[in-house]
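Here is the structure we will look at, set down as structure tokens.
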Amino acid sequence: MGGGSLKKYVQYIKPYAAYYFTGPLFMIVEVVGDIMLPWLLARIINVGVMNHDIGYIVRTGIMMVIIAVFMAVGGVGGAFFAARAAMNTGTDLRMALFEKIQKFSFKNIDDFSTGSLVTRLTNDITQIQNMIMQTLRTCLRSPGILIGAVIMAFVMSPGLAMILIVVIPVIVCVVAVIMKLAFPRFDRMQTKLDNLNSCIQEMLVNIRVIKSFVRGEYEEAKFDSRNEQLCESTVRAMRTVIVMAPAMALIMNMAIVAVMWKGGNMIIAGHMPVGNLTAFINYMTQILSSLTMLSMVFLNSTRAVASLKRIDEVMQADIDLTDDAAAMKDKKVLCGDVEFKNVFFRYYKNSEEWVLDNISFHLKSGQKMGIIGSTGCGKSTLVSLIARLYDADSGSVLIDGTDVREYSLKNLRDGVGMVLQNNVLFSGDIADNLRWGDADATDEQIRQAASAAQADEFVNDFADGYAAQLGQGGCNVSGGQKQRLCIARALLKKPKILILDDSTSAVDTATERKINAALEEQLAGCTTITVSQRISSIMHADVILVMDNGRVIDMGTHEQLLAGCTLYREIYDLQTNS
Ligand SMILES: Nc1ncnc2c1ncn2[C@@H]1O[C@H](COP(=O)(O)OP(=O)(O)OP(=O)(O)O)[C@@H](O)[C@H]1O
């Protein structure tokens with residue numbers, strides 16, 4: 001990550017600049033105290049003890065207690081403001097990341113995988129928050145103590161301080177080597193965490209399928225392997241970190257031994273008072289702890305930089321489906337006229353086969369169209385292009401004569417109601433779920449829409465009716481009930497174009513007929529596109545598209561197709577046993 005790309009993250013710091021300044025300022029109190037205490041101790045020994053001056057010892061002792069109290073206040077204040085700065089910046093950054101992901105196209109989401117996005121939104125942001133907090137607490141304190149202690153060490157004894165000139169560069173080199181080793185290891189650790197999160201997510205979302213196929217053991221083995229991989233990579237990363245503290249302690253302890261030996265000789269020779277050696281050793285310990293703290297900050301920043309890099313990847317991702325270039329952002333879908341002109345589409349841009357191969361048709365406002373064809377022939381893909389869930393690779397999709405790319409995504413999708421094959425509901429009550437279609441819908445409107453979708457009856461069977469709580473993904477209603485609630489939700493939107501993609505597959509034929517009759521009544525003037533494997537679901541449409549292998553092989557009314565389209569005739573014969 002270059003400096004340029006880091007610059008844009010300053011905006012998440014700016015609103016909390018006061019916390020960023022106040023936190024380290026409080027820590028200065030601690031620095032001053034840390035530097036003063038060993039000096040005062042030296043004074044107690046050199047003046048108070050040597051001269052048997054109890055009064056001096058008590059006065060200096062009281063001063064040391066007062067300094068310690070100030071230090072405690074400074075420490076608490078510093079920690080408080082550092083925490084505020086870190087938490088607020090992290091929260092804003094997480095929000096910005098979430099907003100960016102909300103704008104992602106399906107392809108963008110597929111590129112990152114949901115598990116990885118979850119890790120980036122949670123663990124990676126936490127790493128950055130920890131780094132900010134630690135940095136603010138130590139950015140003035142550790143260098144302050146380091147500089148102050150080195151100066152005081154020279155004041156106490158320039159001769160002994162020469163040992164520091166050798167020791168400090170050695171420590172800096174050790175830290176640099178450890179950091180260089182640690183960075184790629186932390187990067188790999190986060191990737192392993194991604195893999196584990198993806199596995200957990202897939203397993204929890206599909207727990208019912210796993211149980212019904214008795215795949216528990218397989219999933220357990222998969223989880224175990226990824227968990228082990230994460231453990232291994234964490235241990236590898238931590239191994240580099242844990243050598244840091246002992247290595248530093250070893251170097252500094254050797255230095256202290258050298259100081260004791262040289263200092264002892266100096267005291268015996270009468271070149272230095274005893275108190276100065278005590279203070280010098282205190283300052284050496286401070287130098288050790290500030291260097292350890294600084295190196296831990298550097299190490300954690302290595303981890304946070306790896307996380308920031310991963311967050312930046314999401315922030316920088318090109319969203320391949322936007323309405324930035326839309327020329328008619330204010331235009332709304334008013335009539336519901338749908339036209340496909342020589343549309344070609346494929347999911348993988350390097351694949352040779354088209355998923356949609358030269359599709360052309362014109363559906364006038366208010367007409368009903370049915371789409372039928374073998375599984376995987378491209379029916380769902382075709383309808384997803386109408387609401388711009390994907391963009392055509394060539395050719396154009398027109399609504400009311402205007403290319404869908406010229407509408408704002410909001411206006412376009414407001415005009416198109418979709419009941420997808422795998423539509424889901426959300427946790428919350430039934431009424432709230434239906435209000436996704438129209439946030440201002442009255443209870444009566446909700447009931448009417450549910451009634452048209454043949455959902456009113458079973459909703460009223462729940463003890464709480466429309467206030468009944470749905471589980472995550474609508475897990476506590478049956479497949480057919482879920483489909484009917486999804487249709488009601490789409491109806492409340494009062495769309496100009498309604499797409500029903502196999503949305504009554506789990507509903508019995510008699511109920512489906514009632515739904516169709518109610519839709520006829522409620523959606524007069526609305527263009528309807530019904531995708532289905534069942535001829536009975538689409539036979540009354542004004543026009544039926546027969547698809548095979550990404551192409552429209554025939555088009556016409558039920559009677560025309562029965563007479564002229566072999567594939568349609570075959571499906572009809574199979575389904576009616578005639
Ligand atoms: N998100 C995706 N990424 C890659 N390929 C996809 C994706 N969705 C569908 N496909 C592929 O595109 C082709 C058309 O799929 P589509 O879902 O449009 O078929 P369909 O006719 O609606 O099938 P069905 O009747 O089974 O629902 C299939 O070969 C499918 O594997």
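Cβ coordinates come from backbone N, Cα and C, glycine included.
Among the features that TrEMBL reports, domain 'ABC transmembrane type-1' is placed at 21-303.
Summarising the annotation, TrEMBL assigns domain 'ABC transporter' to 338-574.
Under the heading transmembrane segment, TrEMBL lists 17-41 (among others).
Look at TrEMBL and you will find 61-83 (among others) tagged as transmembrane segment. Listed as Cβ neighbours of the transmembrane segment (61-83) (distance under 8 Å, sequence separation of 6 or more from its ends, same chain) are residues 19, 22-30, 33-34, 36-37, 40-41, 44, 132-134, 136-137, 141.
What TrEMBL lists as transmembrane segment is 138-156 (among others).
If you look up TrEMBL, you'll see 162-183 (among others) marked as transmembrane segment.
Per TrEMBL, transmembrane segment is recorded for 241-261 (among others).
Residues annotated as transmembrane segment in TrEMBL: 281-300 (among others).
Here the transmembrane segment (281-300) has Cβ contacts under 8 Å with residues 34-35, 37-38, 41, 127, 130-131, 134-135, 138-139, 141-143, 145-146, 149-150, 152-153, 156, 164, 168, 171, 175, 178-179, 182, 241, 244-245, 248-249, 252, 255-256, 259-260, 263 of the same chain, all six or more residues outside its ends. When pLDDT is averaged over the domain 'ABC transporter' (338-574), the result is 88.
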